[in-house]
Structures are given as structure tokens and as C-alpha cells.
Amino acid sequence: MPEPIRVIVTGAAGQIAYSLIYQLAKGDVFGADQPLYLHLLDIPPMMGVLEGVVMEITDCALPLVKGVVATADLAVAFKDVDAAFMVGSMPRKQGMERKDLLSANVKIFKEQGEALDKYAKKTVKVLVVGNPANTNALMCAKYAPSIPKKNFSAMTRLDHNRAQAALAQKLGVGVADVQNVIIWGNHSSTQFPDVAHASVLINGSKKSVSDAINDKDYLQGDFVKMVQTRGAAVIAARKMSSAMSAAKAAGDHMKDWWFGTAPGQHVSMAVISDGSYGVAADIMFSFPVSIKPGGEYQIVQGLPVSDFARKMLDITAEELLEEKKDALSLCQD
Ligand code: NAX
């Protein structure tokens, strides 16, 4: 058996964590033979609830779990962690402006970035889920200068999975038969779900999704809108935001980052922009990435960008530049 790894989940008393922790603990993400210590961080008023979560982890009797550290202390929580799921954040409350939400969260992610810098392993892989995820991840990386920026990412995998599943339903095929959809940009309603490079397996032969659906108006119109607003549709139906699917997506993201993607396949991850595809550098932008075994990702290069795609990429990049500007000025306050 390999040496145990240390995995932190922040916001551990919340609803996404409740689904995520079980996946981690039973080996779905880091492997069925990988033992781990679970580090669970939440805020002091949630320690009672967190205690209940720890009781349930114990009662699951999962052999891979070597120990659980439940705490509100950043120094304890981030000590020696190998992987970090940054889920905890301040939810949007009634009457709150976007800037108020950004302000509260920038402070959390600045503080937690500093804690990662001080206490985590330098090889830690950090996945930010808490919103506004891209800009929170950017701030987290900024305040952890001793850890490479490539070790930070934000989650657009839920949007990616939503797009893949919707196309599979439309085409009447299994989800695994649809590959290489792309989410570009921000995890917000400006994201661009793009099928121009996606393929589908129909009766054993591979086709482009665009040819198989053959309806440009739908693929550039209702499909894009549906993926962009899917989170709001789940809230309207469930009266709570996506949790099971968000946790599954977080697991998918980290599993692919840990083990690598299959040859010829790419997935969507918000990572630090290096200027690829004419996107401004130094924002956390969702790109198509392929990942080598062992975890080094590369932004897939050379995909043709249509005029329509160019416009969509520019809109979402613009929003991220605005968020970055606001976040940086809030950090100065
Ligand atoms: P919950 O409100 O159920 O849980 C959040 C938890 O975070 C709470 O237990 C809270 O006490 C804790 N928390 C707050 N401040 C903290 C801090 N400073 N340190 C540690 N913990 C802290 O929310 P949940 O439904 O689990 O969602 C968590 C976050 O994920 C939200 O920001 C949400 O907007 C975001 N999402 C991101 C998605 C993505 O695709 N990137 C999709 C799902 C989700 O909407």
C-alpha cells in the first residue's frame, strides 16, 4: 500500500463537502489503494455540525481513511496537505452586491492562500470550487508565492459535465461517447460552452458533434444558454444549489489532474492563463487541457477559433479582468 496522503476539504460542514468527502474516503478520486488523512476545515460556529460529519465518516468504516483532522485552525488544517479542495466560501445573501460577495471571498482566499504557502507541501494541487471560483483561485495563488501558479486551478468541470451530458441526451448516446467539449473562461454566466472540437461515437463511428447535430443556431444559441444557466435552473427546482453534481465534478477534476487524461482527450480546467488563444495572461481562465500521467497539465494548443468563438472568449475574459481588478483593489483595503 502507498504512503497515506493528506487531503483538505474546506467548507467541510457544507452541502458539497457532504457528497465530496465520501468519494474521497472510498477511493474514487485518488485510487482504491490510496490511504489518506482527511483534513476538514470550517468556521468556528460550524464545529458542532462538523463533529457530526466526522461521526458519519467513522461510521462508514472505510479502510482507506487513516485519520480525520476537523478544525477551524488554518495552521492545523493546511499542514502538509497534498491536495486541497477549497469549497468553503461566503454565500451570496439577499441584498448583497456582487462586489460585497467578492470582498468577503477575496479575504477568505487571501488568508487561505497564505496558509497554503506556510503549511502545505510545495507540490500541493489546489482546486478552488467556492465562488467566484476563478478569481478566488487567482487570489489564493497570489498569496502563496512559494507554490507554483500551475498548482492552482478553479472548477469549470461541472459546466463541462453538464455540456457533455446534454449533448449525449440530445444525440441519444451514452455520456462516455461524447468527448472533448470545452468550457472557456469564467465559471459564471459569461462562460462559453463550445462544441466545435467535440466528437461523438455513433454506432461505432466517430463524428464531429457539430455535424451530428447539424443545427448551428441551437449549438450557438439555446445550448450555450442552457449550460450557462443550468446552476440557476437547479436552484429553482431544488431550492438549493447543485451539490451532488458539484462534488462529482470536483472529484473528476482532481482525479484527472492526479492521474492524467486519456490520449487524445481533453477536459476543461480554469488555470493561470499564459496568453494562449489571445486571452489576457495572469487570469484564471478555463481552457481545454490535457494532463500527463503524474499530473502535469498542458493547455491544448492550435484549435481553430471561429469569429463567434472569438467574441465569446473576449466577453468572458473581459469579465475576469474586471473581477481581477476589483479583487486586487479590495486586497489593498
Ligand atoms: P454551503 O453553504 O452548504 O457550505 C459552505 C461551507 O463553507 C459552510 O459550511 C460554511 O460554514 C463554510 N465556510 C464559510 N466560510 C469559510 C471559511 N472562511 N473557511 C472555511 N469554511 C468556510 O455551500 P455549498 O453548496 O457547499 O457551496 C460551496 C461553494 O461552492 C459556494 O461558493 C458555491 O457558490 C460554490 N459552487 C461552485 C461551483 C463550481 O462549479 N465552481 C458549483 C457549485 C457551487 O455553486
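Yeah, the Cβs are placed from backbone N, Cα and C, and that goes for glycine too.
Going by TrEMBL, these are the annotated features:
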type	residues	note
ACT_SITE	His187	active site, proton acceptor
BINDING	Asp42, Asn105, Val129, Gly130, Asn131	NAD(+) binding site
BINDING	Arg92, Arg98, Asn131, Arg162	substrate binding site
DOMAIN	6-152	domain 'Lactate/malate dehydrogenase N-terminal'
DOMAIN	156-328	domain 'Lactate/malate dehydrogenase C-terminal'
Across the domain 'Lactate/malate dehydrogenase C-terminal' (156-328), average pLDDT on the 0 to 100 scale: 96
Spatial neighbour of Arg162 (substrate binding site) that is closest, considering only the binding-site residues Asp42, Val129, Gly130 and their CA atoms: Val129
Using Cα positions only, nearest of the recorded positions to Arg98 (substrate binding site) (Val129, Gly130, Asn131, His187): Asn131
Site of maximum Cβ density within 10 Å, from recorded positions Arg162, His187: His187
Three-state secondary structure, Arg162 (substrate binding site) (per DSSP): helix
Residue with minimal Cβ packing [other Cβ atoms within 10 Å] among the binding-site residues Asp42, Arg98, Asn105, Gly130: Arg98
Of Arg92, Val129, Asn131, binding-site residues neighbouring ligand 1, Cβ under 6 A: Val129, Asn131
